[in-house]
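Annotated features, as they stand in TrEMBL:
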- 1-20: signal peptide (SIGNAL)
- C133, C136, H137: heme c binding site (BINDING)
Amino acid sequence: MMKFAIAVSAVVLMAGTARAEEDALAMREGAMQANSFVMATLAGMAKGDIAFDAKKVEGGLEAMRFIAATFANHFPEGSGGGDSTASPKVWEDAAGFAAANEKWRADVQAALDNPPTDVASLGAAVGKIGGNCKSCHENFRIKK
């Protein structure tokens, strides 16, 4: 799982070095695809569909921590519109967007600081982290 975390981190890091406005949408989409993969894996473990593996949980949370720590950087002014599902509210309420991103990052960090040890504790962590996804998508995303 550590190799997975490193690979995801490398993809996101490479995306972060691209031209800001031209590639902002691609960077956001790449980060969200990686995050979605991690969440699907962790949720699968929490539901019992995938065998619980503490090392995979830790690696997934590490990858998500990196994504959360860099995600807000992928929203430079002027990078909305077109195919983007980012709501103008991202820039109109930049402080609110930053706070939502920080809450996500903090909840991921809390899960790393007190790692899930079984399906039940993983379910609680996934629920808390997933609540951030839902809240941000409801407040800062355009449904297309």
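Each Cβ is built from the backbone N, Cα and C atoms, and glycine gets one as well.
Projection of TrEMBL feature records onto the structure.
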residue : record              : Cβ neighbours (10 Å)
C133    : heme c binding site : 14
C136    : heme c binding site : 18
H137    : heme c binding site : 14
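A Cβ within 8 Å of the Cβ centre of C133, C136, H137, the residues given for heme c, is found for these other residues of the same chain: A100, N132, K134, S135, E138, N139, F140, R141.
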